[in-house]
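Take a look at the structure set out below.
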Amino acid sequence: MGPCHGALHPLSLLVQAAALAVALAQGTLPAFLPCELQRHGLVNCDWLFLKSVPHFSAAAPRGNVTSLSLYSNRIHHLHDSDFVHLSSLRRLNLKWNCPPASLSPMHFPCHMTIEPHTFLAVPTLEELNLSYNSITTVPALPSSLVSLSLSRTNILVLDPANLAGLHSLRFLFLDGNCYYKNPCPQALQVAPGALLGLGNLTHLSLKYNNLTAVPRGLPPSLEYLLLSYNHIITLAPEDLANLTALRVLDVGGNCRRCDHARNPCMECPKGFPHLHPDTFSHLNHLEGLVLKDSSLYNLNPRWFHALGNLMVLDLSENFLYDCITKTTAFQGLAQLRRLNLSFNYHKKVSFAHLHLAPSFGSLLSLQQLDMHGIFFRSLSETTLRSLVHLPMLQSLHLQMNFINQAQLSIFGAFPGLRYVDLSDNRISGAMELAAATGEVDGGERVRLPSGDLALGPPGTPSSEGFMPGCKTLNFTLDLSRNNLVTIQPEMFARLSRLQCLLLSRNSISQAVNGSQFMPLTSLQVLDLSHNKLDLYHGRSFTELPRLEALDLSYNSQPFSMQGVGHNLSFVAQLPALRYLSLAHNDIHSRVSQQLCSASLRALDFSGNALSRMWAEGDLYLHFFRGLRSLVRLDLSQNRLHTLLPRTLDNLPKSLRLLRLRDNYLAFFNWSSLVLLPRLEALDLAGNQLKALSNGSLPNGTQLQRLDLSSNSISFVASSFFALATRLRELNLSANALKTVEPSWFGSLAGTLKVLDVTGNPLHCACGAAFVDFLLEVQAAVPGLPGHVKCGSPGQLQGRSIFAQDLRLCLDEALSWDCFGLSLLTVALGLAVPMLHHLCGWDLWYCFHLCLAWLPRRGRRRGADALPYDAFVVFDKAQSAVADWVYNELRVRLEERRGRRALRLCLEERDWLPGKTLFENLWASVYSSRKMLFVLAHTDRVSGLLRASFLLAQQRLLEDRKDVVVLVILRPDAHRSRYVRLRQRLCRQSVLLWPHQPSGQRSFWAQLGTALTRDNQHFYNQNFCRGPTTAE
């Protein structure tokens, strides 16, 4: 089958379209091309750059489609008939198809057109998302609608007519229609009572709309009202009248604190916001209240007096740094479970210590307290004294407070505390006694540098699938990203029930010897990653008898020190250790020759230098063999170029998962997998494998998952996977495969659950066999309709393999050949008789003229290896001669001969500047077939003419080629003896300019002949045979 060339002929396109329709009708192709049918009746058409809604085949189970996602396409026009065929459609996502110009990445203007009955034709529709589309009015909507999103559009007016008839609507989102990213000429206008007809509306979000007041006439059924980041700076009871069913109210960001803003901010007017004391007095069912970023300096207790059911209160990003030490506002909030006071700092000030107000002690249901970003330097028992007797308190967030002295033992007095976050502070060690009593630095303030004080990024998570988290443990303390240099046992006094300790990203550089964590007898997870630990002592961490997970990754500095040894024998002395990470330490030499443990089940050894360790003979050959219970082993990024069978033979036989990602393996001995009899998952992604041709997966292997993605595999041997009968998941994505053959799998193909072939340059030739095979196993191929793409031919590159049905498409090369042959036959059949009848004699004459011309042209092409036909030499000092050369000779020979034009070399035009005169002259003589001397007279020749003539004579002597052609403009002038002799021997190489105009035509014909033919043919055979080449 030939490759595709050029554009498809319209007839071919028509035939292929018909073939595709037939295939779809037969149900052989994926039913919802170009989209993908996913679970629960969802048809996913995201990111396909569609310009219209796809109309699926009648043979597709359109009645089973309940959700259609058209997110991030280019659909600018919605027709009445677009969704008629989807009779069971309940959810429709049209987000990001025609965004407003200000929200578009390229700021292109766009306008979406929606015809009147587009959505009315879908009476079952319940959820509709039209966010991020440039629409200015609410389209006609079916009464069945339950959820409607019109956020980030250009809708600026809401009146009763817009939403009439939507009696089932419960969720309405109209966020961001008028703010700095989506500017507008006016704020969103909600007419009084515009939403009153929505009797079942429970969720209303109007954030980022430049509203200056709460819309009037809201439906009393509202339970969630979100009005944050508008310009509502006054709230009174009448603003929320009749909203007695409210459960969540968000009015934060309406009067902002701009020194902590991360986006354009308008300063809150002085004396605002103004919240009437009874604003929330009638909201008895309120469970969540957001007053964040509202420039509050004080809390009025009357605000919360009637909120007995309040569970969540967000007061972050205000100015409550003094209020929280003396307020009584929390005394009536017995049901409050979460309180956020983050970033209530004094601008440019850090307090020496902080004492929470006694009213915190009345929050008997409090479970989580966020207090990061308040900026106090000392954490002592008096700081949290008000919280000690809260029986439900589980989570305490104190990160990013610039704390440099912390009495960690105070957390032992909190019986229900499960998580304490002290990360991103400046804690450097155990708190001194004076500081712990709170006697020093009382009330002192330290000025801080100005700047953004946003919360820093979270730490890097542990290795996925290897290190467990701490969410299920009873007590976790996070001290990551502090200034700890050493660990002292006194730091953890009274913390014996601590089960998870996070110390990553400090500067701990001490040699751990088994005494640092002695009080932590219940510790199960210890994270010491991103430090500088010295593992010299053999009893490191042995004081932790219950330790199950230990993360020592990214402690590479000690291992990079030349000549320093490292002792890993402590692993054998941790009886409960199940997870260990030594990743990214660049371990390569002077370490224990063998790791031993009877309990370890997962080891992350990625990012080291096993290639250097295993290059030391048998010194580290048995490095992992002593891990008798090891199930998972990660050897990624170890710079491995080869993996010998004896190396695999010395890995633990209990292994079930082996990762070898991102090494340099160009060869793998597949038969050696029998040496790991329990191996179920093998990850070889990101290596340099180019072919799977050396043998096959061995018979009897337990392998279930094989990842070969991101290699350079272009060939797979027949039956390579066939013997691995337990294989269920195979990843061949991002390779160089041009086809996928069923012969690779044998009977295994029908049992595969995952076969990933995305990112391969598949060759989409007509009749490609891989299409039939992928259709047979399409349930196992992720992204088959839209993400399995062609790599060739060029016109299909980057397109889905179903852009045309490769099983029924026409052979492109054969199509063009047949088309060309038929066209030629018809043309000749019509043209030959007609031309013979009309101009037979003329054609006969032209035919013989061409026969006479072709041999001459052939000879000329054979000899024409030089860039110029003639080098024109004349005396520039004679203006008449120069004028004749430029305006007569050049025009006649170069411009008026058509396709027989000659290439002349002229001194003024073709000589290269920067070269000497002789270099240019030499190049011109030897780059031209002939030398044309234009002379007014022949008796006195000097200068350039003489030098050129001597070079021509030299060429005659050296190359035996006579290249001289003379043109004499004054025939009556005295002729030299050389000219007369040349006229006698080679008359056609001496041409005289005729005085009569009638003879000029003959002159130009003779000159053309003289310049295009060899002078050998012009010599008079009676006198001379001309120059001959010596044999």
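Positions of Cβ are set from backbone N, Cα and C atoms, glycine also.
Pulled from Swiss-Prot, these are the features on record:
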DISULFID  CYS35-CYS45  disulfide bond
DISULFID  CYS98-CYS110  disulfide bond
DISULFID  CYS178-CYS184  disulfide bond
DISULFID  CYS255-CYS268  disulfide bond
DISULFID  CYS258-CYS265  disulfide bond
DISULFID  CYS470-CYS500  disulfide bond
DISULFID  CYS764-CYS790  disulfide bond
DISULFID  CYS766-CYS809  disulfide bond
REPEAT    167-190  repeat 'LRR 5'
REPEAT    724-747  repeat 'LRR 25'
TRANSMEM  818-838  transmembrane segment
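For the repeat 'LRR 5' (167-190), the model's pLDDT averages out at 94.
Taking DSSP states H, G and I as helix and E and B as strand, the repeat 'LRR 5' (167-190) has 0 helix, 7 strand, 17 coil. Put simply, CYS45 (disulfide bond) is 38 Å from CYS470 (disulfide bond) when counted between their Cα atoms. The sparsest Cβ neighbourhood within 10 Å, among the listed disulfide-bonded residues (CYS98, CYS258, CYS470, CYS766), is found at CYS258. Under 8 Å from some Cβ of the repeat 'LRR 5' (167-190) lie the Cβ atoms of residues 100, 102-103, 126, 131, 143-158, 197-212, 215, 226, 229, 231, 263-264, all in the same chain and six or more residues away from its ends. When the Cα atoms are compared, CYS265 (disulfide bond) and CYS766 (disulfide bond) turn out to be 60 Å apart.
Each residue of the repeat 'LRR 25' (724-747) gets a DSSP state, and the totals for helix, strand and coil are 5 helix, 3 strand, 16 coil. Non-local contacts of CYS790 (disulfide bond) by the CB criterion (under 8 A, 6+ apart in sequence, same chain) comprise PRO761, LEU762, HIS763, CYS764, LEU796, GLN797, GLY798, ARG799, SER800, ILE801, ALA803. DSSP assigns CYS500 (disulfide bond) to a strand. Comparing the Cα of CYS255 (disulfide bond) with the Cα of every entry in CYS35, CYS98, CYS178, CYS184, CYS766, these being the disulfide-bonded residues, the smallest distance points to CYS178. Rounded to a whole number, the C-alpha distance linking CYS35 (disulfide bond) with CYS98 (disulfide bond) is 20 angstrom. The secondary structure of CYS766 (disulfide bond), as reduced to three states from DSSP, is coil rather than helix or strand. Each of the disulfide-bonded residues CYS255, CYS265, CYS500, CYS764 was scored by other CB atoms within 10 A of its CB, and the lowest score goes to CYS265. Reported as a whole number, the C-alpha separation between CYS98 (disulfide bond) and CYS268 (disulfide bond) equals 35 Å. Using Cα positions, the member of the disulfide-bonded residues CYS110, CYS178, CYS258, CYS268 nearest to CYS766 (disulfide bond) is identified as CYS110.
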